[in-house]
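So the structure is just underneath, and the comments pick up after that.
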Amino acid sequence: MDPPFNEIYNNLLYNQITKKDNDVSEIPFSFSVTAVVEEVELPVIDVSRLIDGAEEEREKCKEAIARASREWGFFQVINHGISMDVLEKMRQEQIRVFREPFDKKSKSEKFSAGSYRWGTPSATSIRQLSWSEAFHVPMTDISDNKDFTTLSSTMEKFASESEALAYMLAEVLAEKSGQNSSFFKENCVRNTCYLRMNRYPPCPKPSEVYGLMPHTDSDFLTILYQDQVGGLQLIKDNRWIAVKPNPKALIINIGDLFQAWSNGMYKSVEHRVMTNPKVERFSTAYFMCPSYDAVIECSSDRPAYRNFSFREFRQQVQEDVKKFGFKVGLPRFLNHVY
């Protein structure tokens, strides 16, 4: 069932021990497996107020969303419009898919070629290894799937409802940052948005390996449905904190593109997933991305970042991961004119 994580771990360990020249790129300071961190509950926002509330309640809700995006880069939403029945079915279907043998998963015909991923192909050291597996599924794979299985119908329901929630939140954030809220309907299309189903198997070396390496998301915003195992951590006030699972909430986090588009008003925060020695963890995420040719440009007369297309951003991230083993991200696009 599991990918050959131990084999990869042992190969990386052997390479580190026998390597005579230290040419492994240094990873930023936050890339270290730490001991105990404080567990906190993210801000919780009842987004039903955006639809059903009076004008004053809607404005309070919008401000709460913007404030959490400025101060945390992460928040939770309840009464979000995605039923617990859909979420539970999504989890059950996900578990069933990951229970298949590794060889079958890696050659799966359920999704397009290359959808199944595991570990960190670019890893040159143990600290760059992610002890997890995933199915990376473009929205078009879901909507174009004519094989009406329980999996495809459940994914379509989850994806379409996540998409609606993402548009609603993005338009609120655009309004509160003085940007054009119609940008998302015009530019965030199904062929670049995607779902990612994640599984984090039990790891025998939890003090040495991440479930998912520290990173920021290369999108506008992410909607995450996770189980109650825990393991998600993020940076707040220059320290790592653990996110306390909330069974009634979805987690929302700001991506790199929103940080650049809002001129740094909203924060794309570094986060990671820790491993667990005994219990597996499951999550499903929806990533809101623009078309590849969409230009990320803020309306400020003193932009912190230069204009760039989503295609250019992706290519730069891929080049950095290949060269260094980790993503550099937005610092590559800082505007040095000011």
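Using the three backbone atoms N, Cα and C, a Cβ is placed for every residue, glycine included.
As annotated by Swiss-Prot, domain 'Fe2OG dioxygenase' applies to 191-290. According to Swiss-Prot, the feature Fe cation binding site maps to HIS215, ASP217, HIS271. Feature annotation from Swiss-Prot assigns active site to ARG281; the stated evidence is sequence analysis. Summarising the annotation, Swiss-Prot assigns 2-oxoglutarate binding site to ARG281.
Features recorded in Swiss-Prot, as mapped to the structure shown.
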residue: HIS215; record: Fe cation binding site; contacts (Cβ under 8 Å, 6+ apart): GLU270, HIS271, ARG272, PHE326, LYS327
residue: ASP217; record: Fe cation binding site; contacts (Cβ under 8 Å, 6+ apart): ASN253, GLY255, ASP256, SER268, PHE287
residue: ARG281; record: active site; contacts (Cβ under 8 Å, 6+ apart): ASN198, ARG199, TYR200, GLY211, GLN226, ASP227, VAL229, GLY230, GLY231, VAL273
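In three-state terms derived from DSSP, HIS215 (Fe cation binding site) belongs to an extended strand segment. Listed in chain order, the residues near the Fe cation site other than HIS215, ASP217, HIS271 are LEU212, PRO214, THR216, THR222, ASN253, SER268, VAL269, GLU270, ARG272, each with its Cβ within 8 Å of the site Cβ centroid. The DSSP secondary structure for the residue listed as 'active site' is strand.
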